[in-house]
């Protein structure tokens, strides 16, 4: 029997895996459709940009997947569990070939569904391994979303604004990218919550606020970049190349230790810099409030500059129907996102309801005096014990507490001021 202290695979986990592969296939199918339309209409520049985004995203995701597969082979008992995997099995050469052919991410989806089916439907052992696979998939979706879906959504929005019309295939692409981003937010939050003790106490209200906060912060950022690209498209690459190295440098300064090799760690830092171009997530413990304030202040300033530049260089005739609305709503939307984020930490953060006694007891059970309370993955009886330390690391950083916490009240909600 699994201890109640640890995650157990459920029918909802299986449902999330199935929906995840469906959204992935929908996204890939829409990408191919859009690329075909661009090529057939002679829009070779947009065709090249789209294919470039698809290839870059796929290569980055496959690299992360392969790195993690290599790291996991060193875990006690992992090969025994992985040997039962429907696609990877215990064959290293087959795994490597699948990743070279850009099929590793898709195979992970199928493998997670198969393992989940064995555990949930057939009642076989391996619940911990099934949860382990879903957590890796959640992180890979996060990477794939900000390497492809967010840039592609920016591209499609730019093309529709630039041409002042929207074809069906472009609308489908926008829907697919938006769906991918929305699902990533929901799935990633669910994976983070699985590391909390008694996660049922953090209900769906917290998930809704988390979703709204991310949606309201990502949408105006994508819109501002797309609007800027309509008037100065040649400067967009310069804008990204100016900001991205600064963000990567900031990640490096935080001394991240997410991957198990130096090359993998620099890949992670470069990817986090790309993610930060669109959205923030914490990658290191301590000083989270200060870093969050710096980031959002910087991005609000940058977004404001992009928006003001677009306003002065735009075509006043073609944009008169929506320009004033965008100029007013985009900053307000970003501000609402910051407010929803603040609301989450003041009214929904798990440190608000976690009893001190439970917190102390759980901390005593963590290895090596780990500061954050989260769940490890415990396999069924008779199998070696292992946990997904990658998702645990993200959960630690997301749910971390400031070194000095002062209770405060906002609208009657007592809180510890953490960001």
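Please read every residue number as a count from 1 along the shown chain.
Backbone N, Cα and C define each Cβ position, glycine as well.
Of the given residue ranges 235-254, 355-374, 375-394, TrEMBL assigns the label transmembrane segment to 235-254. Listed ranges 133-151, 266-284; the one TrEMBL annotates as transmembrane segment is 266-284.
Ranges compared are 168-186, 187-205, 396-414, and TrEMBL records transmembrane segment for 168-186.
When the ranges 46-69, 70-93 are checked against TrEMBL, the one recorded as transmembrane segment is 46-69. Looking at 46-69, 168-186, 206-228, 266-284, 325-348, the range that has the most CB pairs within less than 8 A of the transmembrane segment (235-254) turns out to be 266-284.
Sequence-distant residue pairs (6 or more apart) of the transmembrane segment (206-228) and the transmembrane segment (46-69) include fewer than 3 whose Cβ atoms are under 8 Å, leaving the two stretches without contact.
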